[in-house]
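In what follows, a single structure is set out as structure tokens and then discussed.
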Amino acid sequence: MGTDPLIIRNNGSFWEVDDFTRLGRTQLLSYYLPLAIIASIGIFALCRSGLSRYVRSAECDLVNEYLFGAQEERKEDNSIERLLRNSNTQANYVNVKKQGRILKLRHFDITTIDVKQIDAKNHGGLTFSRPSTSDHLRKSSEIVLMSLQIIGLSFLRVTKINIELTNRDVTTLLLFWLILLSLSILRVYKRSTNLWAICFTAHTTIWISTWIPIRSVYIGNIDDVPSQIFYIFEFVITSTLQPIKLTSPIKDNSSIIYVRDDHTSPSREHISSILSCITWSWITNFIWEAQKNTIKLKDIWGLSMEDYSIFILKGFTRRNKHINNLTLALFESFKTYLLIGMLWVLVNSIVNLLPTILMKRFLEIVDNPNRSSSCMNLAWLYIIGMFICRLTLAICNSQGQFVSDKICLRIRAILIGEIYAKGLRRRLFTSPKTSSDSDSISANLGTIINLISIDSFKVSELANYLYVTVQAVIMIIVVVGLLFNFLGVSAFAGISIILVMFPLNFLLANLLGKFQKQTLKCTDQRISKLNECLQNIRIVKYFAWERNIINEIKSIRQKELRSLLKKSLVWSVTSFLWFVTPTLVTGVTFAICTFVQHEDLNAPLAFTTLSLFTLLKTPLDQLSNMLSFINQSKVSLKRISDFLRMDDTEKYNQLTISPDKNKIEFKNATLTWNENDSDMNAFKLCGLNIKFQIGKLNLILGSTGSGKSALLLGLLGELNLISGSIIVPSLEPKHDLIPDCEGLTNSFAYCSQSAWLLNDTVKNNIIFDNFYNEDRYNKVIDACGLKRDLEILPAGDLTEIGEKGITLSGGQKQRISLARAVYSSAKHVLLDDCLSAVDSHTAVWIYENCITGPLMKNRTCILVTHNVSLTLRNAHFAIVLENGKVKNQGTITELQSKGLFKEKYVQLSSRDSINEKNANRLKAPRKNDSQKIEPVTENINFDANFVNDGQLIEEEEKSNGAISPDVYKWYLKFFGGFKALTALFALYITAQILFISQSWWIRHWVNDTNVRINAPGFAMDTLPLKGMTDSSKNKHNAFYYLTVYFLIGIIQAMLGGFKTMMTFLSGMRASRKIFNNLLDLVLHAQIRFFDVTPVGRIMNRFSKDIEGVDQELIPYLEVTIFCLIQCASIIFLITVITPRFLTVAVIVFVLYFFVGKWYLTASRELKRLDSITKSPIFQHFSETLVGVCTIRAFGDERRFILENMNKIDQNNRAFFYLSVTVKWFSFRVDMIGAFIVLASGSFILLNIANIDSGLAGISLTYAILFTDGALWLVRLYSTFEMNMNSVERLKEYSSIEQENYLGHDEGRILLLNEPSWPKDGEIEIENLSLRYAPNLPPVIRNVSFKVDPQSKIGIVGRTGAGKSTIITALFRLLEPITGCIKIDGQDISKIDLVTLRRSITIIPQDPILFAGTIKSNVDPYDEYDEKKIFKALSQVNLISSHEFEEVLNSEERFNSTHNKFLNLHTEIAEGGLNLSQGERQLLFIARSLLREPKIILLDEATSSIDYDSDHLIQGIIRSEFNKSTILTIAHRLRSVIDYDRIIVMDAGEVKEYDRPSELLKDERGIFYSMCRDSGGLELLKQIAKQSSKMMK
């Protein structure tokens, strides 16, 4: 064995010319390297105990979270419970603030949720992945091969064969392999990621080192045969071992896998090998399945345990409890991931520059005519080095981006989860915004949805922006350093240009951020307005406001587009700077070199410099764009932060828990809607001292606007407590409550006046996630009078009721809401006027069998009602309110003794037949009878599937396969047609030709060997620079070359900016036309479209999809065209230089085609699923915000938070695997690109005699560009196609069935010459039949009746009889199957819809108000003067006659604070939430009175108003509309008993039609029985008789 150092060639050096020396191979590779690895293993072993504890703790964090749930939080809860039970604190009702804080945490804090048991359902479970037979075989092979290596080294050590290694080297290697074998054996018995990582890292390092002596053997630098045999043997062993290592699972033994209980296939991410992780092969099976079958949501694999939103939010909340700044909290949560990402960025940036350095060395060899064989060896080494660098770059780039995507996914989950939780816990009623707050966030529904749909996604993408930004900064620094190394002082010229560009780019980025903020503000306004319109689409259609609203939204849209135009201008300037900067930097640098330093350029230096400046171009562009994106994200982050900083509900602070948990009372309590209301005369509940009777029926009575609903909200903690106290029995979360022996819990249930329902089945709305008890459920159905309704519904209680219960009548919605409250286990039930929406039959049944029936035994019921005559019986306690104060209270007997109730209201008529004529025992109609009778405001449109399985809401359409050419043609039509596209292509091609011309011009310059340096005026010593040679005579002046170079670059930059502007202008034109077209189509769609399409889904089109077309589609279209033309030109250029490359290009094209096809197929479907799974998030959020008061009343916040997280996870699954598919594709494209560089360099070397260094530089430079260009072409086209998915989704709405606004073509009547139509108001219905869908049976059958001009007609009947459907037909929301409706003799089907609807006025059952002011709601389009508005308000008793006189006598705007309705600019909250329902209804009636219609329709318009106000309104109708025809649907028979005629409907048919007095003569008639069951038969007879006499 050789030991003599004298025989070592070039003693003391590790490298000579083209290879490692013997010293390098022996000492560096065979001694120092193994020794360093052994030392590292030893150091790790010494620190093992501490490290293993840390690693094990980190690894088991989530496992412990699953196994032990929220035990720590329970400990804190238990401490509070002990505090509550402490007698010392009972006297003071506990520390309210601390109690409130803890209670709020228990309701809303995600950390309090036990993951193992969520609402009696597991979230998921842990399982183990066991090693397979192949895994065991790999381990055995690994041990055998290492043993062979040890045997070989031992043989060398014993036999002392003479090789170039010393005994010391062999001994070190032997020790290294023995340690590695010991660790491998230990891994068999002990599961440890650390041991696997040590073995893999050590072996990979040694394996790489064995390539060096093998190369020495190959090029003949190792002469002795024994050494050759040893190195070959070592290389074979390590090379055989390496695939085993690469394909072994990262964790040797069993791996923990988290499996969801929804049967989702678990993620393969953590059970894959290192090779699979590096190459992303673990997703290949999924991508392959996507080629065979269309991907559905159920086919997408699950996430890793740590990527499920519940674990993300738990960790985020726990780590950041004491951090109030959202930005700092996010940074604190992801600082480790950010650090890892930055490390990948650093390695990526360095490796990215190595090919350019190697290319310079390669070109120097090509440029040297006296090349030796050693130089050729180096040239091949450089080409192989470039190939390896490209492969390494592929790994680094994909892994770094993957870390960013992980952060993006988790930030998205955090932001949506936090915004949702904030929406649940925010204060409902806040002070109005002042003018100074105009720029702050307005937390209406549309804005909050915008925060989720746009802002949260922009902020989540910040991780990717930061990754690219840091990469760009590092690249710029390193490139500048290399330029200085190659060019010397002249590099500072280029650096100066860059430094000048930085402030410009930063300024432009700030401008983009500013315009983005303006754009988002306009987008908020547009989405809010549109959302409000869609939520109330029926009101819009009734009043024919479509065109007005379209104009309003278009006006906002125009402002939005102006902001986008400003952004486009800035983008164009940015594009110009991007193209011109490399030219300026390169040209100025070359000018300094030639004119100042008096040196000539050669090909290696010129093309290396050019390549470096090309590399510099990308990070400069990225830096500018990323700064812009970061600014946009900053704006979005601030908007989210502002929303999250809004006030939380004070419910848990201002409600006091009774020590004995058995009290509900107000103690000297004063409450307001707004905490800091500056109006001292604003409505308040003042000085309340009420003690409700526990376990009894308590009534809250009073006139409209007296504060009845407000009192219930105050009891629920939703109003602001100014003084006093409110005592309640409990505030525990629903799922922490323990039932008593009767199955009841000490909690509240709430039924609001406007029924709030989920878009779900009837059954699920009633069960409301309580334990299902079939017997109790059936009793509740019966008690609430729903039995017959469920028999009629197509799928019974499994029928989907649609968004906001769209398929149900008002009475059905109210009864389902009541059933939910009664079915709950709550001991205390709050009912807000739940009897007003049902007919007299049903009201009696509900009161006797539900409210006072056995289901309410031992339960407290607090009932707000106007139906005094019905509810006084069996009630125990009553409170009478007047103007926010308690007028009277006491037991019913006490109040009657005071003469409070008039005898006619409390006298109850006999109900002997009630058991025979109850709400549920009426015979259900035949199957061919009416399936569902709708109220006017709530129409149903069934389809065949709905009839069969009860499903109403159609699943969102998802196209399969590639985007249809029709979609591209549709978009191109708006874009400007083929002419615009051809013109743009011409601009792009011209710009690319100019770009290539610059490289050819440089080659022409450097090949001119006689360039003179003619720079008089410069007197600077020449600096010695590598690669530069002096020359005294030139063919052309250097100034000539520089001038042409600058000229080409500037023209190219101007074209670049111009083409960007033209592309954006064309895109904005398309975006504007698409939006206008979509808006017109949606608002003029048939009502059936809104019944089967959730508003959240429509809003997703108008928010996310429009935003995609506005701001994402065009930039991707621009760069896709750019890359396409770039790749085509590069292939042509390289083929001209090296024709052999054409063969490689064909092979590469085939590879790209198949890889791209696989990628596009999978990514396209995943992108579509990503888009589709966003809609349920928005829809669920919209539903939650509307019903937040009910959710909080039930204490059911946790379940809704968890449901939101489930929907986030659905979306994140699609997003995550889309991002992984992108990594799979980009790695393979980068790998193919690496082979392109290798092939290009090889062709140059094989044809080196015929290629000069200039052509070689162009060929190699563009080969590298082709790699990046091809990668970005497919990726950008894929992203462009994914964004075209938004266009596809928008195009789907282009085929929405439209209402026939101009009437039927045949015999159309526009009535343009009759502006006063109708003159008389005569209505004639002949043989009318109606149905909701073509494939459904009629709901109205052969109805005929005639209404004389100026007559008053009442329409009565049981809930669901078809009353409101008749009204709907008058507005042509339903078109007749047979028959017709005539008004003044004109068939309304032939009349223009706008004319028809503006000629009829409706006052619907649900009072709908829009966010704004009193004036904007009463007179939205400034058609009337203020005095007329005040007159209408006076007519409905919202202002008194005295106040109206004051208004008439006042010449200035009247702003009295004594009555809010005297100030027409009083703010109205969205939905009118700051008014009582009665006040909302009166305001709506005032709106209708202004129109002075000839025909007025009232659909339960006074159901939510007290009897006195009802009587007043009826009087107004009779006096003010004495020349109008009136049709009134009423459950209060008193309201219509004095009408001219009564229509009695049942099962879609007219059963009775006559004068009320005549109908009451028939004791067997339906009307008679209804009057008898109402409790005032004699009184009704008397009124009808008097009315009949007056008419005679």
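Quick reminder: no glycine exception, Cβ is built from N, Cα and C everywhere.
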Transmembrane segment according to Swiss-Prot, located in which of 171-191, 969-989: 171-191
Membrane_side_equal(G100, I1098) from Swiss-Prot: no
Out of 101-121, 1025-1045, 1172-1192, let me know the one Swiss-Prot marks transmembrane segment. 101-121
Looking at N-linked glycosylation site as annotated by Swiss-Prot, pick the matching residue from N11, N631, N867. N11
Swiss-Prot lists as N-linked glycosylation site, out of N253, N370, N1474, residue N370
Transmembrane segment per Swiss-Prot - which of 444-464, 696-716, 990-1010: 990-1010
Output the one of N370, T1359 that, of all these recorded positions, has the highest number of other Cβ atoms within 10 Å of its Cβ. T1359
Out of K708, R1358, give me whichever of these binding-site residues has the highest number of other Cβ atoms within 10 Å. K708
Non-local residues, at least 6 beyond the ends, that sit with Cβ under 8 Å of the transmembrane segment (132-152): 174, 177-178, 180-181, 184-185, 187-188, 230, 233-234, 237-238, 240-241, 244-245, 247-249, 252
Please name the residue among the binding-site residues G702, G1357, G1360 whose C-beta has the most neighbouring C-beta atoms within 10 angstroms. G1360
Return the count of C-beta atoms lying within 10 angstroms of the C-beta of S706 (ATP 1 binding site), excluding that atom itself. 23
Could you check the binding-site residues S703, T704, S709 and say which one's CB has the most other CB atoms within 10 Å? T704
Looking at the binding-site residues G702, S709, A1361, which has the shortest Cα distance to N370 (N-linked glycosylation site)? S709
Within the topological domain 'Vacuolar' (153-170), how many residues are helix, strand or coil going by DSSP? 11 helix, 0 strand, 7 coil
Based on Cβ pairs under 8 Å, which of the stretches 171-191, 990-1010, 1138-1158 lies most in contact with the transmembrane segment (1253-1273)? 990-1010
Using C-alpha atoms only, work out the spacing between A1361 (ATP 2 binding site) and G702 (ATP 1 binding site) and round it to an integer in Å. 31
Let me spell it out: take the topological domain 'Cytoplasmic' (1073-1115), skip the flanking residues so only those 6+ beyond its ends count, and list any with a Cβ under 8 Å from a Cβ in it. 446, 449-450, 453-454, 519, 523, 526-527, 530-531, 533-535, 537-538, 540-541, 546, 549-550, 553-554, 557, 560, 564, 571, 759, 802-803, 806-807, 939-941, 943, 952-954, 956, 971, 974, 1063-1064, 1066-1067, 1171, 1174-1176, 1178-1183, 1280, 1283-1284, 1286-1287, 1289-1290, 1293-1294, 1296-1299, 1301, 1332-1333, 1373-1374
The topological domain 'Vacuolar' (594-614): DSSP-derived helix, strand, coil residue counts: 15 helix, 0 strand, 6 coil
As a whole number of Å, the Cα atom of S1364 (ATP 2 binding site) is distant from the Cα atom of T704 (ATP 1 binding site) by 25
